[in-house]
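Structure first, commentary second.
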């Protein structure tokens, strides 16, 4: 069953990647990042059961990841709100400060 | 061997120091500039005079001192100086003329803004010429030879704001450069063929003088002719004479310096210095003699039709240098050098006199002058002495030196004797024309307000007039002392009645005809100016040599260079521009990637990552 | 791979993965941002189901709690705070879009190839403890206590930072 789970995770990861690269709305980009993190979680859990040495460590690790992802989502949304207040938009392609 | 001779290398350092000080001082020290420049030449003159006196009194052996300059493997290049009778004489003459010219320039250039620069250049010029004279080998001689060329370029183009002066300076530089290539090739050939690659004059003398057979006859002729090409360029011989008349665009004292002491003398001096090579090759000698003879009569005819005071004198210089070359070609070192010395005096005198006239009347056209004799007495008298010396009237110096040459020619080559006589006749004719038009007759508008030049200008004239009158007596047909002293050979007495009578006769005849035509107005002035036969036009244009060169060399060269330019701009430049445009286009394209958007960067990173992974994974599918 | 017996786990996996892929694709392709968040919640729920399949009940629980609950609500708040007519206009960058698609597809290709060609060794028999939650709790407070505490610090910092960032500048 392991390859099926891994393939599933790869599909999720790639869809998330595509969304993160293409979507204009910053909130959607954040969502896509969450999707990618979830794909990673799926991998961790799958290996925790079907890995060479199955153990609970994978689950612990995925718990940590979920925590970090939750913190990341909170900070990200806060940044978006601050940005929106400054620039009046959350369209990613209107943020090109790095150009200068 | 006294201490003066042993420290002769100090002589060129006087004007060099003057040049360095003047360059350091800048333009503001006008009076100090004059004094420093003149002192440099005076010091050099005094020093070389001591040496000359010593050599005249004791006639010691030649003194040569050199040190090793470069050692390449087993070959060592030595550099040093040599004092012979010839070099000591040349040193004195060069320094003397240079000093007088600088003294004179104090008056002539008084109002010029860059007088300090002028004195610096003249000092450098003097230094180069003295160094050239002192050199004991061909290589250092060549270095100074080029320095002389540079200085003449600087001084002819001294008034570089005038386009004509610029053109003349460039022309002088380029034309003499053609000759310099010949000299360089000669030096290279000598280096190749000489035993132990020696380039110093002592070895050259012993190799060629002893008929050692170390160098074959053909090579000797080739080397001699190439050296002669160098001399042609510097001494303004046909066909490279074209720069000399144009060089009149420079200040008049410079013309005197170039024509008497420094630039043109270098060519004659070079041949005199390497005379042993020439004596080994009859063909080369003959070439020199005929080129010299042709130049003499050719330039004299041109001088006849010029209207510019300085250009007449310039062509006269070309003609007289032809005389010297002819003498050298006929094997008479004495005649060549003797004429060089006397010519240095009277031609410097004539040029300085002409400068004095131009200074007074502010024109160079002799048709606009006239009647100056009553207003400028010193100039008139000294100029008359110079003109008589140039025309070869006894007892002035020019007569004696011309007589030596004509006597040699009478003995060896009748054709050249005739040419020499004809040249002497034409010389007398154009000098009488010049003198009468400038100083006699009714005063013209331009000469109405003319005044005698200040004493600082007339003093050199008087000194030079004394020398122009008297310097001929060191070698007379009955007394070959000078030739004996100079060449260290047997005393030649060449009293040739034909030569004496002939030269005096043609000289007087020339003067008389000139007086008839211009003085007594047998040919009215109006007729002279309106009716210009085609040959007068031709003479005025200098036999159309300049036009010929323009059509023959300048135009095709310009065509070639414009073709090359087109190739360069369109093909070479096109490639370069294409390369530049390609890079900048690539840069612009790449710059669009840098649009400041994180998503684009992320995409690029992902693509790069995928490519790397594919490349690594794909390796296993390769054989 | 097609001769797999239709066990219960496989059937459940199939259903969950169908839900997740549908959710993910919908999230990418829907227009309204709110709809996107809701389809995303479907993905989170499907994932929680998969965690249950993998005998990680506690993680599944946390997943539902944090992702399907907190994060989704947070995102909806974010949408409400930033863009009221929340809608995704089509990006006018076809080259960028297709390049991204190619990159994502080829990355998936590479991953899929790697998964398919790897032979995974047979796992040792994993004796699940009776109470998954208790086992995780024991581990967290024994072996992983330091990362756990660090993580709590991180959460505190993130929480303060979020407040500072979102606070009005005018104050």
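Every residue gets a Cβ built from N, Cα and C, even glycine.
Since the structure is predicted, the reported quantities are computational estimates derived from the model, not experimental observations.
Marked as transmembrane segment by TrEMBL: B:6-25 (among others). Listed as Cβ neighbours of the transmembrane segment (B:6-25) (distance under 8 Å, sequence separation of 6 or more from its ends, same chain) are residues 32-33, 36-37, 39-41, 43-44, 47-48, 51, 63, 65, 80-81, 83, 91, 95, 98, 116-117, 119-121, 123-124, 126-127, 130-131, 134.
Each residue of the domain 'NADH-Ubiquinone oxidoreductase (complex I) chain 5 N-terminal' (B:69-119) gets a DSSP state, and the totals for helix, strand and coil are 29 helix, 13 strand, 9 coil. Look at TrEMBL and you will find B:69-119 tagged as domain 'NADH-Ubiquinone oxidoreductase (complex I) chain 5 N-terminal'.
The transmembrane segment annotation in TrEMBL covers B:83-104 (among others). Residues 5, 8, 11, 15, 34, 37-38, 41-42, 44-45, 47-49, 51-52, 55, 59, 62-64, 119, 122, 125-126, 129-130, 133-134, 253-254, 256-257, 260-262, 265, 269, 272-273, 337, 341, 344-345, 348, 352, 355, 456-457, 459-461, 463-464, 485-486, 488 of the same chain sit 6 or more residues outside the transmembrane segment (B:83-104) yet have a Cβ under 8 Å from a Cβ within it.
According to TrEMBL, the feature transmembrane segment maps to B:116-135 (among others). Tertiary proximity for the transmembrane segment (B:116-135) is limited to same-chain residues at least six positions away from its ends with a CB under 8 Å from its CB atoms, namely 8-9, 11-13, 15-16, 18-19, 22-23, 25-30, 32-34, 36-38, 40-41, 44, 48, 81-83, 87, 90-91, 94-95, 98, 101-102, 105, 109, 141, 143-145, 147-148, 150-152, 154-155, 158, 251, 253-254, 257, 261-263, 265-266, 269.
The domain 'NADH:quinone oxidoreductase/Mrp antiporter transmembrane' annotation in TrEMBL covers B:135-427.
Taken from TrEMBL, the feature transmembrane segment covers B:141-162 (among others).
The transmembrane segment annotation in TrEMBL covers B:174-194 (among others).
Annotation source TrEMBL lists transmembrane segment at B:214-233 (among others).
Per TrEMBL, transmembrane segment is recorded for B:254-275 (among others).
Long-range Cβ contacts of the transmembrane segment (B:312-331) within its own chain (Cβ-Cβ under 8 Å, at least 6 residues beyond either end) map to 231, 235-238, 241, 244-245, 247-248, 255, 259, 264, 267-268, 271-272, 275, 278-279, 285-300, 302-303, 306, 339-340, 343, 347, 350-351, 354, 366, 390, 402, 404-405, 408-409, 412-413, 416, 419-420, 423, 427, 430-431, 434, 542. Look at TrEMBL and you will find B:312-331 (among others) tagged as transmembrane segment.
The list of residues near the transmembrane segment (B:378-396) in space but at least 6 beyond its ends in sequence, with Cβ under 8 angstroms from a Cβ of it, reads 316, 320, 342, 345-347, 349-350, 353-354, 356-357, 360, 372, 402-403, 424, 427-428, 431-432, 434-435, 438-439, 452-453, 458, 461-462, 464-465, 468-469, 472-473, 503-504, 506-508, 510-511. Residues or ranges marked as transmembrane segment by TrEMBL: B:378-396 (among others).
Summarising the annotation, TrEMBL assigns transmembrane segment to B:416-436 (among others).
Nonlocal intrachain contacts for the transmembrane segment (B:456-474), taken as residues 6+ away from its ends with a CB within less than 8 angstroms of a stretch CB, comprise 100-101, 103-104, 106-108, 338, 341-342, 345-346, 348-349, 352-353, 355-356, 359, 378-379, 381-383, 385-386, 389, 395-401, 481-482. The transmembrane segment annotation in TrEMBL covers B:456-474 (among others).
Summarising the annotation, TrEMBL assigns transmembrane segment to B:494-518 (among others).
Where the transmembrane segment (B:254-275) meets the stretches B:141-162, B:174-194, B:214-233, the count of C-beta pairs under 8 angstroms peaks at B:141-162. Beyond its flanks by at least six residues, the transmembrane segment (B:416-436) meets 289-290, 293-294, 296-297, 300-301, 303-304, 309, 312, 316, 319-320, 322-323, 326, 330, 366, 383-384, 387, 390-393, 402, 405-406, 409-410, 499, 502-503, 506-511, 513-515, 517-519 of its own chain at Cβ-Cβ distances under 8 Å.
Below 8 angstroms of C-beta separation, residues 114, 117-118, 121-122, 124-125, 127-129, 131-132, 135, 168-170, 172-173, 176-177, 180, 183-184, 187, 230, 234, 247, 249-251, 254, 257-258, 262-263, 266, 270, 273 of the same chain, each at least six residues beyond the ends of the transmembrane segment (B:141-162), sit close to that stretch. Mean pLDDT, taken over the domain 'NADH-Ubiquinone oxidoreductase (complex I) chain 5 N-terminal' (B:69-119), works out to 82 on the 0 to 100 scale.
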